[in-house]
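Only one structure is covered here, and it is reproduced in the block below.
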Amino acid sequence: MAAGGLSRSERKAAERVRRLREEQQRERLRQVCDDPEELRRKVRELAGAVRNAKYLVVYTGAGISTAASIPDYRGPNGVWTLLRKGRSVSAADLSEAEPTLTHMSIARLHEQRLVQHVVSQNCDGLHLRSGLPRTAISELHGNMYIEVCTSCVPNREYVRVFDVTERTALHRHQTGRACHKCGTQLRDTIVHFGERGTLGQPLNWEAATEAASKADTILCLGSSLKVLKKYPRLWCMTKPPSRRPKLYIVNLQWTPKDDWAALKLHGKCDDVMRLLMDELGLEIPLYSRWQDPIFSLATPLRAGEEGSHSRKSLCRSREEAPPGDCGAPLSSAPILGGWFGRGCTKRTKRKKVT
């Protein structure tokens, strides 16, 4: 018997299991692209499903925002992937990000009543900025532009034109500003890894649950589904399999729901949505900062609050921007505090309890 209580054959078997698991992990991270003709064929099938759906709900993940220079989490260069490799994480200034072709396509599909509700894991606020109505969005993990007073009933929301999460982190949510009504400290709306979301808005769990229960078709865009799969109420698990919604997945990598899908499309979200909108005969609206709803929804800072943040503010045009405040090209900088990537490093340090 060898040291550690394992025989030579047992050590070899354990090594084989370890290598197998590593190979499975590499396979799951591997990106697969359908060839152009196959992708077009699949999009035609998806278009038929969209036309025939009585109640279509869209689930979105970080993959729909990569075209806006916001990294995903589990892709080859995703936040979690890099952290597991011991590499530092940096991201473009998120205030420079704008709704992508996919965001704008979803907004148009909702306008045309082909999509009834959108459930998003993203905190970047781009669905809101695309023009999608607040009532049609459930931002399950919060919105970087929204802070709330939980002392006011109902909770009082403050939409801002800057990232409110500069001073916040896992289990630390106060933003440093106070409610204009009652003076209570405001908090962000972000749900970090390891936290449970309890806010009514912008999480909007009630609408997400109702939409899932009504759905006959679910379209998943740019999500690994490793988090969403943990929310049984989104998958109608109490219904017999024959009565659950048909599932369509657009993702470059493996997801734990692939075997359940009626169709899996291996392609970038923008590429798929461009083909889909063409197949449906719908024009994709161009994003315009002049029409961005966030500017009409936003609550301005009060006198004395101007120095309460150092994040770049959104602006409608270069002329409107204070000197050096916006209009600069996308840049890469270390993530210091705030929602992006927070909780990832925390999780990598945890040891599994056996």
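Cβ from N, Cα, C; glycine included.
Here is what TrEMBL says about this protein:
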type	residues	note
ACT_SITE	His141	active site, proton acceptor
BINDING	Cys149, Cys152, Cys179, Cys182	Zn(2+) binding site
COMPBIAS	8-26	compositional bias 'Basic and acidic residues'
DOMAIN	36-283	domain 'Deacetylase sirtuin-type'
REGION	1-26	region 'Disordered'
REGION	308-327	region 'Disordered'
Residue with minimal Cβ packing [other Cβ atoms within 10 Å] among the binding-site residues Cys149, Cys179: Cys179
Segment-level pLDDT (mean, integer) for the domain 'Deacetylase sirtuin-type' (36-283): 90
Cβ-Cβ distance under 8 Å to the residue listed as 'active site, proton acceptor', same chain, at least six residues away: Ser120, Gln121, Asn122, Cys123, Ile190, Val191, Gly197, Leu203
Cys182 (Zn(2+) binding site) CB neighbourhood, other CB atoms within 10 A: 10
Cys152 (Zn(2+) binding site): tally of other CB atoms within 10 A of its CB: 14
